[in-house]
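A short worksheet on the structure shown next.
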Amino acid sequence: MLSFLCFLFFLIPLCIFPGSWWLICSLLFAVSFLYFFSFPYFFCWGNLSYFFGCDVISYGLVLLSLWICVLMVLASESVFRSGYFSGLFLFVVIFLVVMLYCTFSSISLLSFYIFFESSLIPTLLLILGWGYQPERVQAGIYLLFYTLLASLPLLVGILFIYGSLGSLFLCLLRGGVSVSSLFYVCMVLAFLVKMPMFLVHLWLPSAHVEAPVSGSMILAGVLLKLGGYGLLRVFPVLFSFGFSIGLVWVILSLVGGLLVSLFCMRQTDLKSLIAYSSVAHMSMVIGGIMTMSYWGVCSSFALMIAHGLCSSGLFCLSNISYERFGSRSLLINKGLVNLMPSMAMWWFLLSACNMAAPPSLNLLGEIGLLSGLVSWSWYLMFVLVFLSFFGAAYTLYMYSYSQHGALFSGLYSCSLGYVREFALLFLHWFPLNLVILSVDLSVFWM
């Protein structure tokens, strides 16, 4: 694991050279492929190097982080073309990759917490430095205070675990800690805010709307998954108490996801619509994890990976439209099939994946979660039916309003996409539909 970390560290000096943009992009692709072949073929931790290692869960999320960060660089060519602190931008992206890599591969709960909080710094720099509007300062403050306020009790809970067990290594975290309701909330709240759960989700739409495309991609693609990963890591300690209170979180997240799906039907801002759809998808992930069943955990992990690729691709598409029209409003971004007919296919493919159409990984995750949640409590079927229906409805709303209708201001020209943009969208869509071919192996190793 340290070899990959050293590889990433040695990319930092390349940022000072003005023509190193595509070199760094190529090297990040290389490290992604090298990491792909280091799959841990066992059930416990492997590839151990000092305080770092990986199991199946951390392997999938580290690979997703590396892949999304490569696509971030590829999507932000406007920064490179304008020359607006492009070297500093590359440094922030590589620093973010390092923080995420260390977060997901930490085998100590304390080092996980440190890197979990450190990943907030480069995200904040991306929003404040390369955001589009003056309101990005307020969005950055929202992000900072929501996350920090919820994560300080987590540090107290981690120190309490160390006092009870004498160890913070993740592979040794089991029972033996006296779990009270206050301790349970302290350990869980930071991760629920990060996912985010309904009622603590208000920082996410504002951060997405003000962030550049790279910030939106990493927020939706990876940073929301930090919450789910953290829940999976601390639940061995909270296992006995979690059964008695899990129903509260499941109902709150699923009903909240249903309400957020209704909010999506009233959005006119493309990025805001995609951001709210992330909250709706993550509500099902929270419900699956809180059941603490094998089926729910495996399906939640599959949906986290699928949502990371799909929502990141949708943010890329909205940015492609924004670069042409200068607006994210659906009232202006309409009739795109007339302006960019070749992009209409990618809008359709990624919208189909967002509504869990076959053969995408979203379908596998949502079917597994529906099965796991209904088998856990039959009454949840009534909420899940509407949640699935409105999930498809707001995706169709987004696709039909953006692609059909008359072009705004009488534009009749044709704007073809760049090869870079088609490659970017293909690299989102292809893994999303390829992974399902080996899903039997994935479930076996989970």
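Note that Cβ sites are derived from N, Cα and C of the backbone, with glycine treated the same way.
When TrEMBL is compared with the stretches 113-132, 173-192, the one noted as transmembrane segment is 113-132. Between the transmembrane segment (376-401) and the stretches 113-132, 238-261, 273-295, 343-364, it is 238-261 that has the most C-beta pairs under 8 angstroms. Listed by sequence, the residues of this chain that lie at least six past the ends of the transmembrane segment (343-364) yet keep a Cβ under 8 A from its Cβ atoms are 277, 299, 302-303, 305-307, 309-311, 313-314, 317, 320, 336-337, 388, 391-392, 395-396, 398-399, 402-403, 417, 421-422, 425, 428-429, 432-433, 435-436, 439. DSSP states for the domain 'NADH:ubiquinone oxidoreductase chain 4 N-terminal' (1-103), grouped as helix (H, G, I), strand (E, B) and coil, give 73 helix, 7 strand, 23 coil. Mean model confidence of the domain 'NADH:ubiquinone oxidoreductase chain 4 N-terminal' (1-103) amounts to 87 (pLDDT, 0 to 100 scale).
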